[in-house]
Amino acid sequence: MSSPIRVDSTLGAALIGFGVSCAIIGALCVQAFSYFRRYPSDLPPYKLLVAAIWVLEMIDQAFIGHCVYYYTISNYMSPQVMLFGDVIWTLILQLVLGALVGTIVKTCFAMRVWRFSGHNLPITCLILFLTYGQLGLAIAYAVRAFQLNKLAYISNLKTLASLSLGAGALTDIIIALSLSLFLRRLRTGYKSSDSVVNRLTVYAINTGVLTSTISITTLVLYDLYPTNFLFMAFYFVLSKLYAVSFMCTLNTRHIVRGRGTDREIGTASPTAHLFDNAFYMVHPHTQTQKTQLTIGIHQEVSVMSDADEPLSTQDQESPIPMPSHPSQGHITAN
């Protein structure tokens, strides 16, 4: 008798999702290493935040690997475990870890909206409400999944899952639209400043579109095929996309406006420093500072006439550069 379980849409989908998530976790490791190497002068809270996200994602990936190994290797000859077996605990906790990473990243994005919007309380509160509401729904989903304890019964939690994924997608869209709107208000008419605004706007939109698309795809697949693992393939990579987008934001804070890293000294407009402080959440103390030195020159010129009568003229003190090759007279610098 043939098994009613389609392996390609269950174990196959989970295996593909695991492979893609491995590739993304590799990119995350590169981004984390690049951050600590290129920005050693960042404040400790930012370094701890990056380290926390990296650790959570590594644990999340380990849980995904254990889940896939359990269903594909440990129960290789027992496909009925997906119908009548218990839910593996790592699968449930992975959902919570993914929601937790998304909450951390979206909270940081909400702070950018808060700064760029001129402390717009309603928009910021809406983003935070949806963000932590999604986390609460994910925790409630995990609790109910442990209570049901059967993989076949997970489809009964469709309402909680749909609300959680829908809240996440809506949050991503609101963040992208808000950043785009408030960034456009920072246009100054100067080409250099407006180019920075354009690049930040494109980056914000691309990030929001990518994560919201994955969230909506996961939601649709879960609602249409709750007994398959197709939705898992997308959810496995969702939290890692949040983490990578956050790390890319930190690592491109100076490159996006034409500078290098903290180890390089360059000149930047005040508008560019505003972008750094607001969009990238970087403390002003972590940025290079330039001190302008003005030297006042007191110049005296004495001219002897034919009648040996001295005529003296004395210029006023002025912040002009000292001549490189004075021909006559005596020049003193105050």
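Glycine is treated like the rest: Cβ placed from N, Cα and C.
Some features that TrEMBL has for this protein:
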type	residues	note
TRANSMEM	12-36	transmembrane segment
TRANSMEM	48-72	transmembrane segment
TRANSMEM	87-109	transmembrane segment
TRANSMEM	121-143	transmembrane segment
TRANSMEM	163-183	transmembrane segment
DOMAIN	169-254	domain 'DUF6534'
TRANSMEM	203-222	transmembrane segment
TRANSMEM	228-250	transmembrane segment
REGION	307-334	region 'Disordered'
COMPBIAS	325-334	compositional bias 'Polar residues'
Would you mind listing the long-range same-chain contacts of the transmembrane segment (228-250), meaning Cβ under 8 Å and 6+ residues beyond its ends?
-> 6, 9-11, 13-14, 16-18, 20-21, 24-25, 27-28, 31-32, 35, 39, 46, 50, 53-54, 57, 60-61, 64, 94-95, 97-99, 101-102, 105-106, 108, 203, 207, 210-211, 214-215, 217-219, 221-222, 279-280
Summarise the model confidence on the domain 'DUF6534' (169-254) as a single mean pLDDT, whole number.
-> 87
Hey, which bits of the same chain come close to the transmembrane segment (48-72), Cβ under 8 Å, at least six residues off its ends?
-> 10-11, 14-15, 17-18, 21-22, 25, 28-29, 32, 35-36, 81-82, 88, 90-91, 93-94, 97-98, 100-101, 104-105, 108, 236, 239-240, 243, 246-247, 250
With pairs restricted to those 6 or more apart in sequence, evaluate whether the transmembrane segment (87-109) and the transmembrane segment (12-36) have 3+ C-beta pairs under 8 Å.
-> no
What does DSSP give as the helix, strand and coil breakdown of the domain 'DUF6534' (169-254)?
-> 72 helix, 0 strand, 14 coil
